[in-house]
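J.: According to TrEMBL, the feature coiled coil maps to 106-203. TrEMBL lists 335-348 with the feature compositional bias 'Pro residues'. What TrEMBL records for 1-264 is domain 'F-BAR'. As annotated by TrEMBL, domain 'REM-1' applies to 396-473. Residues annotated as domain 'SH3' in TrEMBL: 530-591. Sequence annotations record features per position, and here TrEMBL assigns region 'Disordered' to 331-351, 491-512.
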Amino acid sequence: MDWGTELWDQYDIIEKHTQSGLELVEKYVKFVKERTEIEQNYAKQLRNLSKKYNQKRSSKDEPECRLSSYQAFLDILTEMNDYAGQRELIAENLMMNICIDLTKYLQELKQERKTYLMDAKKAQQSLESTYKQLDSSKKRFEREWREAERAAQYAEKTDQDINATKADVEKAKQQAHMRAHVADECKNDYAAQLQKYNKEQNQFYFSDMPLIFNKLQDLDEKRTQKLAQGYILFSDTEKHVMPIIGKCLEGITKAGTNVNEKNDSMIVIEQNKSGFERPGDLEFEDYSQGINRASSDSSLGTPKVSMEPWKKKTNNFWLFSKRSKLSSPVLAPFSTPPAPSPNGPPSPKFGRDPLSYCLKEINKTVKPRISSFRTLRRSKFTPERIMPTVSEDFGHLPPEQRRKRLQQKLDEICKELQKEVDQSEALGKMKDVYEKNPQMGDPASLASQINQTSQNLERLRGEQSKYETWLAEAGGRGDTLRYKAHSFNNNGANDVHSPDGAYSDESTPDPSQAIYAEFDDDFEDEDLAAPIGKCTAMYNFPGASEGTIAMQEGEVLAVVEEDKGDGWTRVRRNNGDEGYIPTSYVTITLKK
C-alpha cells in the first residue's frame, strides 16, 4: 500500500504530515544538543572538583602524602578526572554523530520535499489552466449556440412574414446559417478541450500525483529510519564508553582496597618518632621527717613547697600539653641535710645537687618548643627568636629524626659524589685521548673542567666525612650509597678513593687493600649484559689508556653501553675483551 493509491485526494494531509516529521527531527536535534550541554557542564564540574581537591604538594613538605589513604584519595581524584574525560567524549560523539549529521540530513530532506511539493503544485496549476480553457470553450459554445437558435428562429419568422421582402428573408437565412456554423466550431473546440482536460486529469490523478505522493512517502520513511538510527546512537554513544567508565570505577574501588592502615601507622611512627627516652620515675619525698622547707636566697629559684600537702595539686603533663611543660618535682633545699629515713637512705641520684639533676632530666625529656607570644612581645621580632635555630648537623631535631635527616643528606652527597667521579673519569679519558691524538682536540682545553671537578670532589668528600661523623655521633648505621672507587686525576693518572671518601695520591696502590674491588665487581656484572647493537670502526684507535680498548679501521664490535654524553661508548670483542672507545670514531647501529 502506498500513498499515491490510498491517499490520492489527501494532498493537504500528506503535506502536513511530512512537515510534522521534519519538525520532529528538529526537535530531536535540539534535545540532543541540550543533552550535550549537560554532559559538557557535568564534565567541567567534575574536572573543577578534582582540581580543587588535588592540590599539588611536595612530598617533602607534606608528610601525609606518603600515607596509603592519602595516595588512594589522589588516585580517586585522578580516576574522576578520567571519568570527566569520558563524559566529554560522550558529548563530543553526540554532537558529531547525531546533531551535526541529522542537521545536515534535515536540510537535504527539506530541499527534497520542497521539490516534490513544487512539482505537485505545477501539475495542479496545469490541470486548473486546462480546466479554465475547457470552461471558456464551453461557455462560448453555449453562447454561440443560443445565438444560432435565435438567428434560425428569426429567419423562420421572416420567411413566414408576408410583409418581408425576399432580400430580408435571404439575409435572415444567411445570418442563421453563419451562426449555426460558428456554433458548430465552438462545439468542436469545446469537445477538443474536454478531451484534453480529461486526459490531463487522468494523468494528474493516476500518474503525476501518485508518483509525487509515493516519493514523499519514501522521503518520510527514510526520515523515520534515519531518526530511529539517531535514537539508537543516543544509547550506543554512552554504551561505547561504559567499559572505560567501568575501569575508572574499578580504579576507585582498587584505590580503596589499597589502603593499608598498618602501613600508614608505621609511616606515622617513622616520620614522627623522636627517639627521646621516657621520663623516669619521680623519687619519693618524705615530708614526715622534719625537713627544713624554708628556701634560702641562694637556692637558685628552688620552688616553694606548700605547707598544706594534703591539698590536691593539678599536674600538667607535657605529653598532652600544647605548651610542652613538665611539672618540676618538689625538691627539698639541699642546704639542709635530710633526716634519716625509716625506709632507708635516699636515692644516690640526688646525692649532691637534686635541683641540677632534675633540671637535667627535664631537659632530656622536654622537646624544644617555640617561644610563647608573650615572650615574643617582650623581645624584638626577629626570625631567630620566632623559630628554633636550624643547625647544619640537624641538632635541633629529635634523635630519631636527626638520624634520618643526616642519612638522607649523606645519600644525596654520595649521589653527587658519584656524578662528579663519573665526570672526572670521562674527562681523564678524554684528556688521555687528546694527548695521544692531538687531531682530536687540545688537552689544555679540559684543564678548567678538570680543575673544577677536582674542587667539587674535594668539597663533596669533606661534606661526606663531616656528615658521616655526625651520623656516627647520632647513632646511625652509616648505610650510605657507595660510588665507583676509580677515577682520573688532573694528569690523567688513576686516583684511588676509598668507600668512606678518603683518597690517596699514590699511583701504585696496595693490592691487599682491594681498592679496585668494587669497580671490578661492577665490571664483571656488566660483562653478562647482552649487546644492544654493533658498531664499525672508521679510524684506528690505539686504546693505550686504562679502561679503553684498541681497534682497527673497519673492525666490527658489539656495543654494550651507549654514550652517556661523555663522548665514550663501551664495546666488546668476540673474545670477550671490553673497553671504551671514542663515539666519534665508529658508526653505531642499535637493535630495535
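One-based numbering along the chain as shown.
Note: Cβ is positioned from N, Cα and C throughout, glycine not excepted.
Automatic, uncurated: that is what TrEMBL annotation is.
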J.: Which whole number is the mean pLDDT over the domain 'F-BAR' (1-264)?
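T.: Mean pLDDT, the domain 'F-BAR' (1-264): 90.
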J.: May I have the DSSP-based helix, strand and coil counts for the residues of the domain 'SH3' (530-591)?
T.: 3 helix, 29 strand, 30 coil
J.: Could you break down the residues of the domain 'REM-1' (396-473) into DSSP helix, strand and coil, giving a count for each?
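T.: The domain 'REM-1' (396-473) comes out at 72 helix, 0 strand, 6 coil.
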